[in-house]
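J.: Pulled from TrEMBL, these are the listed features:
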DOMAIN    41-287  domain 'G-protein coupled receptors family 1 profile'
TRANSMEM  25-49  transmembrane segment
TRANSMEM  61-82  transmembrane segment
TRANSMEM  102-120  transmembrane segment
TRANSMEM  141-168  transmembrane segment
TRANSMEM  205-225  transmembrane segment
TRANSMEM  237-260  transmembrane segment
Amino acid sequence: MDAGNLSVVSEFVLLGLCHSWTMQVLLLLIFFMLYLIIVFGNIATIILITTDPHLHSPMYFLLANLSFVDMWLCSVTTPKMIIDFVRENKTISFGGCMCQVLFVRFFGGGEMVLLVVMAYDRYVAICKPLHYSTIMNLQKCIGLVATSWTIGFVHAMSQMAVIVQLPFCGPREIDSFFCDIPLVIKLACIDSYNLGILMNADSGVPAMTCFIVLLISYTYILLTVRQSSKAGASRALSTCTAHITVVLLFFGPCIFIYVWPLSITWVDKFLAVFYSVITPLLNPAIY
C-alpha cells in the first residue's frame, strides 16, 4: 500500500456483546450489578483480612493480593462495556485501546504468577508444616508478590512494544467489548497471521506453563494429604478445593482464547466475559 494513501486510525469501534437494544438494556443492569458486587466483594475481602488479626497469615495475605488484582482486572474492561450499552457510538480512542491491552496483560499475567505463588504456599503448609513459618515469612511473601507484579509488567510491556508499532489504517471494528491483542492485530495493515501466532504463543506458553505447574503442585499436595490424619486431610482438602476451582475458572478460558483458539465469535465473547467478569465475581464467594 502506498504510504501516501495511509490514514492513521485514531479510534476503534467496539461492536460489543449484542446489537439488540432491549438485550443491551438488560445486560446493562446485569453487568452493573455484577460489577458492584465484584468491587465491594473484593474490597470487603481485603478489609477483612487487613483488620482481623486471626487472618494475618501468608495464605490470607496472598488472597488479599488476589482480590486486589481481580478488582482491577475487572475494572479495566467492565466500566467501558457498561457505558457502551447506552451509547450508540461505541468507540474507544487508540490510546484507550492500548491502555486496555496493557493493563489486561499486566493484571492477567500478574494473576497467573500469583496463583502459582498461592499453590507454593499450600505446598509448604501441607507438605512441610514444621518449616512453614520459617519458609513463608512476611519478607518472603512480599518478595513473591513483588515478583508476580514484575513478571506481569514485563509480560505486558513485551507485547505492547510490538502492538504500538503496528500500522493501523484500514478496518477499525473490534468484534468484542474490549481491546484484546488477537482482535487488534487483525486490524493492522500488514499480513498479521504469523504475528498473531507469535503473540498468542507469547501469552499461551506462560499460561500453559503456569497451569501445568499448578496441576503438578496440587497433584503432589493431594497425594500427600492422603497420608495425613483424617482431620488434617479434611482441612487441607477444603483449602485446596477452593484454590483448584479458582485455577480452573481462570485458566480454562485463557487456554481456549490464546492456546487453542476456537475462532467462534460468540464463544470468544463468552470466554472473555468469563475470565474478566465472572472469575473476579466468584473468587470472594469461593474463598
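Each Cβ is built from the backbone N, Cα and C atoms, and glycine gets one as well.
Quick caveat, the model's predicted, so the values are computed rather than measured.
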J.: What residues in the same chain, six or more past the boundaries of the transmembrane segment (61-82), come closer than 8 Å to it by Cβ-Cβ distance?
T.: 14, 16-17, 28, 31-32, 34-35, 38-39, 42-43, 45-46, 49-50, 92, 96, 100, 103-104, 107-108, 110-111, 114-115, 117-118, 121, 138, 141, 144-145, 148, 177-178, 246, 276-277, 279-281, 283-284, 287
J.: Across the domain 'G-protein coupled receptors family 1 profile' (41-287), what does the mean pLDDT come to, as a whole number?
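T.: Looking only at the domain 'G-protein coupled receptors family 1 profile' (41-287), pLDDT averages out to 86.
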